[in-house]
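Have a look at the structure below before the remarks.
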Amino acid sequence: MNTFSQVWVFSDTPSRLPELMNGAQALANQINAFVLNDADGAQAIQLGANHVWKLNGKPDDRMIEDYASVMADTIRQHGADGLVLLPNTRRGKLLAAKLGYRLKAAVSNDASTVSVQDGKATVKHMVYGGLAIGEERIATPYAVLTISSGTFDAAQPDASRTGETHTVEWQAPAVAITRTATQARQSNSVDLDKARLVVSVGRGIGSKENIALAEQLCKAIGAELACSRPVAENEKWMEHERYVGISNLMLKPELYLAVGISGQIQHMVGANASQTIFAINKDKNAPIFQYADYGIVGDAVKILPALTAALAR
């Protein structure tokens, strides 16, 4: 048997749902989708869900992962085995851990390849900081996976599809985190997974103020702006959601223009699937040039304005 009898899908990020649903279609005979609202439910059915389970009643001060208990109960009630697919977001990984405990299931994060052999999931993902690919065969009846972006192509909606809708009511967990305040992000979020052109900056850009030079290039060519992990996590120059690498975004754009990025393996795992890589770095021995199709050795602060002016013509 090369498919599961059932697969369960949930995404806290609506833009990741089409990809997860396409993976579900390849891996199971029946697709169940947990959703947070009616609009997401309608989308899930159009993307191939046979059954939609609307999570209902969570107080505003509780976290999405507190639905884990009722989700696990629902999964167990509808089969003695199954596959759970979640995005490899922060919330997706938190939920995966909770579901794994409640279902007594093996959990595998950041899956880049998923297949089924004899009713069991075989998963491949990066190990040793991206230096190798590990393969795991999950032996537990239930398997919980978080899926790296780009693992599956996005499913296409079909408005003629039909499915059944159910409601799963909130049950307060014995131990929960209560949200006391929320703060809006300072910048607009972007869906870098879908970007055709990406300009990505590293610490070689020199300063937070110099990122404006990369932003001007983005405007000139219609690209989205990304960064390396040190820019987001160490320097705090950009948001966490924009950094590319093994522990976050895995991109496949037509063009990846790396500015002041050294090219360590942990970063390149997230960018190496790009159709074309263009690098700008003042260190001619930077590892990035081993991956780049084109490169310029020089100071990015001087090169970016000239490149922007030339491409804006």
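Just so you know, the numbers here start at 1 and follow the chain as drawn.
Cβ atoms are placed via backbone N, Cα and C, with glycine included.
Bear in mind that the values here come from a model prediction, so they are computed numbers and not experimental data.
What Swiss-Prot says about this protein:
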- 255-283: FAD binding site (BINDING)
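Compared over the binding-site residues Leu255, Val259, Ala271, Ala279, the count of CB atoms lying within 10 A of a residue's CB peaks at Val259.
Counting every protein chain shown, 22 other Cβ atoms lie within 10 Å of the Cβ of Gly263 (FAD binding site). Counting every protein chain shown, 13 other Cβ atoms lie within 10 Å of the Cβ of Asp283 (FAD binding site). By the criterion of other Cβ atoms within 10 Å of the residue's own Cβ, the least surrounded of the binding-site residues His267, Gln275 is Gln275.
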